[in-house]
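These features come from TrEMBL:
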type	residues	note
BINDING	Thr99, Thr100, Phe127, Pro128, Ser129, Asp130, Asp208, His211, Tyr233, Trp262, Thr290	pyridoxal 5'-phosphate binding site
MOD_RES	Lys234	N6-(pyridoxal phosphate)lysine
Amino acid sequence: MKTDISYARHLDSEDELSTYREEFYLSPDKIYFDGNSLGILSKRAKKTVEMLMESWKEYGIDGWSEGAYPWFYLSEKLGKMSAHLIGARPEEVIITGSTTTNLHQLTASFFQPRGKKTKILADELNFPSDIYALKSQLRLKGLQPEDHLIQVKSKDGNTLNTNTIIEAMSEEVAMLVLPGVLYRSGQILDMETITVEAHKRGIIVGFDLCHSIGSIPHQLSEWGVDFAFWCTYKHLNGGPGSVGGLYVNQKHFGNNPGLAGWFSSNKEKQFDMDHTLTPAESAGAYQIGTPHVLSAAPLIGSLEMFEEIGIARIRKKSLELTNYLMKLIEVELQEQGFFIANPKADELRGGHIYLEHPEAARICKALKAEGVIPDFRNPNGIRLAPVALYNTFEEIWKMVQILKTIMENKAYKNFENKRGVIA
Ligand SMILES: *Cc1c(COP(=O)(O)O)cnc(C)c1O
């Protein structure tokens, strides 16, 4: 592979998604590689927030049924717009809540310990919030997390083995919750095989798609996954605290949700004000209260771009970007003590690269001082996410050069090797 800047520019000239960069508010003096933590604001997202502010201004209460995007149906509309990203039927998806509250809702709904089956299967590498939620749900059912939460172990501290996961599916497991893509190493789990094997053993299957939605394709309906949940501020560029999403397979429609509220209702019946809930015959039944309309608004504009492009093209470019980044790191940084800790194979690699280095905290600070925005993960990880919608091959080239300089002139030693409050 060629390592000069002209080759990076050549790759950019062949990039069929290059025009989408213009859609985003990128700072000219920064290289943003943190779109897997917080995606960048797009012009369309800003516009749709303004449109919904306008409908509030113009219609007041009637904004629920009037305007370009009537608020009463917005969660369902956004669910439909998201369905293609995860390979679901439109009515199987709803935009509501947050990752953690959706996991609470889905566990309250799907975890029904009976007889021998009283345990939840998770893993030791998942994001803490998921584990806190699962433990608290076990306690609510009067079960001790120490005995009832099984966390599959990782052999190398970064990845999980499908067979190890399958071996942990004992007859005591009632439900499993695993990430689609691991937040640290970016490993893609084999969601299809895990689902098939779990179902053979009567285990309900849920996936956390925070790092996979908008980054890789999924076929949740086809695989028969029972439920899934995610946030929309990472690869989906919904903005800080944008409303999350959930998927429930249609085979579960018609049941009461674990945590009910009036927005769980069949929409025709909701305003009957009856004290007996008639749940929506869709994923909409897992909503609780009034939707956070203004925090859902940016998603209208943002998801429109994903619909236009399609996840297959996004994935294709994402793989090219991360592949290019790994090759440059191997060539340019080979003497600097970095370890590429994400899986290298295309089918196992999500949307970001994960580097380990003992000085990672201060290397990240030095990169930031040079205008590169990476993502530090305690204690020694650097995540770099070149995003298909707005990053370029030239930015990757420049970032690697900056990193090389920081390492060669030891500029990182000017910083303390300690994380900030938000890292
Ligand atoms: C980002 C992320 C979360 C965050 O949860 P919120 O409820 O949105 O704060 C949870 N789990 C995983 C795996 C994540 O990547």
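For all residues, glycine too, the Cβ spot is worked out from N, Cα and C.
Note that the structure is predicted; figures quoted are calculated from it, not measured.
Annotated features, which come from TrEMBL, shown on the structure.
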{"residue": "Thr99", "record": "pyridoxal 5'-phosphate binding site", "DSSP (3 states)": "helix"}
{"residue": "Phe127", "record": "pyridoxal 5'-phosphate binding site", "DSSP (3 states)": "coil"}
{"residue": "Asp208", "record": "pyridoxal 5'-phosphate binding site", "DSSP (3 states)": "strand"}
{"residue": "Tyr233", "record": "pyridoxal 5'-phosphate binding site", "DSSP (3 states)": "coil"}
{"residue": "Thr290", "record": "pyridoxal 5'-phosphate binding site", "DSSP (3 states)": "coil"}
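A count of other CB atoms within 10 A of each Cβ picks out Thr99 as the most crowded of the binding-site residues Thr99, Ser129. Summary for the binding-site residues Phe127, Tyr233: the Cβ-based neighbour count within 10 Å is maximal at Tyr233.
Calculated from their C-alpha atoms, the gap between Ser129 (pyridoxal 5'-phosphate binding site) and Lys234 (N6-(pyridoxal phosphate)lysine) amounts to 16 Å. Ranking the recorded positions Asp208, Lys234, Thr290 by how many other Cβ atoms lie within 10 angstroms of each Cβ puts Thr290 at the bottom. Maximum intra-site Cα distance, pyridoxal 5'-phosphate binding residues Thr99, Thr100, Phe127, Pro128, Ser129, Asp130, Asp208, His211, Tyr233, Trp262, Thr290: 31 Å.
In this structure, Ser129 are the binding-site residues from Ser129, Tyr233, Thr290 whose C-beta falls under 6 Å of some atom of ligand 1. Cα-Cα distance from Phe127 (pyridoxal 5'-phosphate binding site) to Lys234 (N6-(pyridoxal phosphate)lysine): 14 Å (rounded to the nearest whole number). Asp208 (pyridoxal 5'-phosphate binding site) sits 13 Å from Lys234 (N6-(pyridoxal phosphate)lysine), counting Cα to Cα. Here the CA atom of Thr99 (pyridoxal 5'-phosphate binding site) lies 12 Å from the CA atom of the residue listed as 'N6-(pyridoxal phosphate)lysine'.
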